[in-house]
Amino acid sequence: MDRAVAVVTLAVIAGATNALTGTGGALGTAFAAANAAQAVVACAVTRGLQRRHGREAWRLRDLADLAALVAGAVAGSVAAAGIGPVALHLLRDEPLLPAAGAWVLRNAASTFVLTAVLLRVADRAGDRSRLAGPLRARPAELLAACGVVVVGYGVVFAQPVQLPVAFLVLPLSMWLALRFDTTVAALHLVPVGVLVVVATTAGLGPFAVHGPAARVLLAQAFVAVGALVTLVLALQRDERHAATEHLVASERRADRHAALMETVFATTADALSVYDERGVAVLRNPAAQEMFPDLPDGVDREGWGSYFGLSHVDGAPVDPEELPVVRALRGQVVDDVDLLVRTPGEPDGRVLNLRAHPMPGSSRAGWSGGAVLAARDVTAVRRATEQITHARDRYAALLAAATEQAIVACDTDGAITVFNAGAERMLGYRAEEVVGRPIALLHDPRELVERGTELDVPATAVVATMAARRDSTARRWTYRRRDGATLPVSLTISPTSDEYGDRDGAICVASDITSQVATEARLHDSERLFRLAFDEAPIAMMIVGLQGEDAGLVLRTNATTSVFTGLTEAELRRRDVHSLTHPDDRDACRASFRPFLDGACAETREEKRYLHADGTVRRGMMTATVVAPADGGGTTIAEPYLLCLVEDVTARRQAEEALRHQALHDALTGLPNRTLLVERLAAALADGGAADGREADGRAPAAGLLFCDLDGFKSVNDSAGHAAGDGVLREVASRFAACVGPAVTLARLGGDEFAVVLPGAVDESALRRAAERLVAALCTPVRADGAEHVLGVSVGTALGLPDESADAVIARADAAMYAAKRAGKNRVHAAGLLPRPRPGPDAERLAGVASRGAAEGRPTGSSRHLPARSSMRA
């Protein structure tokens, strides 16, 4: 249908064109029909010939396309000649044969030339490189050729000289066809044809000697012949050029392939050797040269035994005629043969896997035939295979011996493949009952569903999925025995692999942890009770870290600790435990904590001072014990820590201090009593004995003592009463305290007796000055209960020696005080130093000096006990 429309359209256009050019009516219609018939026949013949020869439609690329185009143009013109010339003959009485000949020549020539140009241009429309190539590669030559062609055709056809020299310009077109592309040659035909036809029609050129009709026919015939010759030469040149390019490309591909094969041959890990028909290695790659470095070139198979020995892997000799290369030379293909090869450099030999193939001869390559041998060192592989075999044997023995563990293996589908004796004992199944059945049979179904939900896989794929993750961590699972009872186990799931390293299943090793679960339950109960006791304990309890970043930090406390320290649990957590103690004690606390960190101490008990949040000081009896959590078997299961129990003993210590103060101080005046005085005097004497700088004979005083007795106090008690006497004693104590320094001890011994201890190296003058200050303190009357009382004080002084006892010094001061009273009271009297005792009988005499004072009415401190006064209080 489409072709009919195209034919009708072509006829209409041709008729319209003829009418516009002056050929209308019946003749124009006949010409239009002739033109349409010419087009249809020309297209049909051309396309039919191209299809017959397997050419692409409507292309002008080789001589076959050119022949089809010429045949189509001639056939179309001949077909049209049966219509157009006949119409001329009938309508205008033109001679039929001359008209038909002229018709065929003109239409065939014009159709051939124009169609050839159009086909070449259309074929190159999408690739203009062939058109632009000559301009870029040879612009000067192309321009020169065009100029020569134009000048040559102009000289021959544009001149009035009517000589038969038209053949002179054909070499120009032939030169253009041989030097440039067919498209360039085809394009030049258009201006050349126009020039020839126009010049000839104008009466110029070699064809002007004939009549007008003959001129045109000759010109068209010349153009057609010139176009045919030019296109033939150009297409032959293109075919030759294309063949040359194809040959060059083929050679390049061959070179690349050869280079690639040479690279593959040189870089392959296998040792490759090529042998000729005599068994001589004519080519070896680097791997082969490295494998057999001692084998020289040119050695045939008869001489192989001189350079290496061949045997089977088990040591059996090899028949030379059965060697892989020899068999390949006989035309056999040999694959996967293991031989033991020994060389001088490797007397133990290597196991080589050999493959040999025959290589047919090629006369073109000058090759009469041979064989190629590929060798691979599989010593390590075969050794590994043996080790795997031994490992499998040991694995089988292990399965049989491991009766305390359930060892179950399965394939990738979850089907049980191994069920050892331990599994039979633990689960109650016999191996033949479960082998081949799903491994899920042994698991708690609910647990498998839960694990599958966690892994986002079906319950039946849990074991395979965990094995694929290659995480061999032991986890707690629940097995189900044959009788339906559940069994807690510690299960390890690991992947198994075949001999190629591909995963082929999983192996599950389970241990019965029933006793462990029971122990953990008991431990859990114990921990629960411990936490309850810890939190509710009435004493402060703290857990302190001992290792790593937690060392010395409070990890946990109970409520009593917050009460004891005034800090909340959040404030106590992660706090340095030493920061809770008194600032003055922190260095000592850190020193006592160091043995716990070093593991040198496991328990201690000591009293510490703690600083409360309100600034007050609390005393606590701290008991610290290292705790290392362990399981039922004694194995440590957690990092050790220090458990500190702190009992608040603040009230107890305050009561003890109060009792001690009461025991060592006078209740009326608050001054130290006789007991504390004796302690401090003894301490001063001891310190003086150890001090540097005392005399070499040890007789330098170490302390001074003032023994005071009030004068006139008895009359106060008798006249004013005991309450007034107590007030007087308090006032006297206050005045005496104002006369002594902070390092001096002022004590009330009882009744109206006072004493002062001056520690350190003092002399008689310093002692007297201190005593005189006390005497002066009572120069003014003492006021008590609204009345004034005049009192005095008699003071006895004594210097204590380092080797002298406190009682002896007190006795001498006491004696000196009585001497002051006998001398008139309200004065100071000094006791002399005792002579230094000597060995022998004189020592007893010197030691009795104090007793002579008793004969004079002066009792000694060592023998005299002060009477209780009515004013003393308990």
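In case you wondered, yes, glycine gets a Cβ from its N, Cα and C as well.
Heads up, TrEMBL stuff is auto-annotated, nobody curated it.
Quick look at what TrEMBL lists:
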- 29-46: transmembrane segment (TRANSMEM)
- 66-91: transmembrane segment (TRANSMEM)
- 103-122: transmembrane segment (TRANSMEM)
- 142-165: transmembrane segment (TRANSMEM)
- 185-209: transmembrane segment (TRANSMEM)
- 216-235: transmembrane segment (TRANSMEM)
- 391-443: domain 'PAS' (DOMAIN)
- 473-525: domain 'PAC' (DOMAIN)
- 526-600: domain 'PAS' (DOMAIN)
- 604-661: domain 'PAC' (DOMAIN)
- 701-833: domain 'GGDEF' (DOMAIN)
- 831-874: region 'Disordered' (REGION)
Do any residues, 6 or more residues outside the transmembrane segment (103-122), come within under 8 Å Cβ-to-Cβ of it, and if so which ones?
38, 42, 58-60, 65-66, 69-70, 73-74, 76-78, 80-81, 84-85, 182-183, 186-187, 189-190, 193, 216-217, 220-221, 223-224, 227-228, 231
Composition by DSSP (helix, strand, coil) of residues within the domain 'GGDEF' (701-833):
57 helix, 40 strand, 36 coil
What same-chain residues lie close to the transmembrane segment (216-235): Cβ under 8 Å, and 6 or more beyond its ends?
60-63, 65-66, 70, 102, 105-106, 108-110, 112-113, 116, 166, 169-170, 173-174, 176-178, 180-182, 185-186, 188-189, 192-193, 196-197, 200-201, 207, 210
Along the domain 'PAS' (391-443), what average pLDDT does this model show?
85
Can you name the far-off residues of the same chain, 6+ from the ends of the transmembrane segment (66-91), with a Cβ under 8 Å from a Cβ of it?
26-27, 30-31, 33-35, 37-47, 49-50, 53, 55, 60, 99-100, 103-105, 107-109, 111-112, 115-116, 119, 228, 231-232, 235
Just give the helix, strand and coil counts over the domain 'PAC' (604-661), going by DSSP.
12 helix, 29 strand, 17 coil
